[in-house]
């Protein structure tokens with residue numbers, strides 16, 4: 001039965017931002033490849049089934065926030081097209097495909113080589129968090145040093161990596177794991193909580209801005225002075241709790257088992 005994978009796909013389709021689709025798509029998400037350098041480069045990996053390179057929820061929201069705060073200084077790049085954001089890749093050992101990991105690595109290296117004076121910010125949602133984790137931890141140190149901050153929404157490798165990105169400074173990572181989002185516990189069980197992260201994008205954008213050096217000057221209104229709000233955190237890499245209010249009708253979405261051997265279940269166990 002393939003219904004559980006359909007439910008996992010809802011994570012990408014149901015996490016709609018309150019703002020309109022057209023308003024959220026101010027960037028085509030291919031600005032690093034197609035454009036000239038700017039002081040800040042934001043690289044993002046979308047959730048499973050989300051269209052485009054940035055997706056239609058958390059990615060465009062953070063991109064737009066950063067562009068509003070740092071007018072004319074930000075370019076946004078989504079991971080794709082090699083990263084297809086397909087459902088089946090969630091069950092692979094790295095919780096995403098080798099092609100996606102390789103493409104993400106290449107984008108970070110491109111940012112560092114094409115724009116050596118730029119600061120890099122990054123993020124991911126759902127399967128996109130695995131893309132970020134698996135690619136960033138493999139980067140050479142000189143490229144890692146250029147990455148100032150990473151935000152992860154619904155971190156699918158949160159349990160496997162101990163609430164951080166492997167081989168990367170914890171104080172450069174902000175993890176949002178909503179209360180009741182079981183993918184953060186190392187499962188493929190999708191609940192309503194996994195759809196709530198658009199509520200965290202404003203704070204996430206402010207946190208990313210706070211990690212930048214003083215080479216850029218404008219500031220997001222109401223920037224947070226702390227890495228956490230109403231959440232429990234471990235060090236600087238924190239797990240945020242967010243409410244599933246308004247999504248109670250989806251709260252019964254379950255159906256996938258717990259992970260084994262550090263990854264998600266084998267494909268055979270999902271049908």
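Each Cβ is built from the backbone N, Cα and C atoms, and glycine gets one as well.
Going by Swiss-Prot, these are the annotated features:
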type	residues	note
SIGNAL	1-16	signal peptide
DISULFID	37-115	disulfide bond
SITE	48	site 'Transition state stabilizer'
DISULFID	63-76	disulfide bond
ACT_SITE	126	active site, nucleophile
SITE	127	site 'Transition state stabilizer'
DISULFID	177-184	disulfide bond
ACT_SITE	181	active site
ACT_SITE	194	active site, proton donor/acceptor
REGION	216-245	region 'Disordered'
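Neighbour density around each Cβ, counted as other Cβ atoms within 10 Å, peaks among the recorded sites 48, 127 at 127. Within 10 Å of the residue listed as 'active site, proton donor/acceptor', as judged by C-alpha distances, no recorded positions are found among 37, 48, 63, 76, 115, 127. The Cβ of residue 181 (active site) lies under 8 Å from the Cβ of 154, 191, 193, 194, 196, each of these being in the same chain and 6 or more residues away along the sequence. Spacing of residue 177 (disulfide bond) relative to residue 126 (active site, nucleophile) is 10 Å (Cα to Cα, whole number).
Proximity note: of the listed recorded positions (37, 48, 63, 126, 127), 126 have a CA within 10 Å of the CA of residue 184 (disulfide bond), given in sequence order. All protein chains included, residue 184 (disulfide bond) registers 24 other Cβ atoms within 10 Å of its own Cβ. In the three-state DSSP reading, residue 184 (disulfide bond) counts as helix. When the C-alpha distances from residue 76 (disulfide bond) to the recorded positions 37, 115, 126, 127 are tabulated, the minimum falls on 37. Of all Cβ atoms in the shown protein chains, 14 besides its own fall within 10 Å of the Cβ of residue 37 (disulfide bond).
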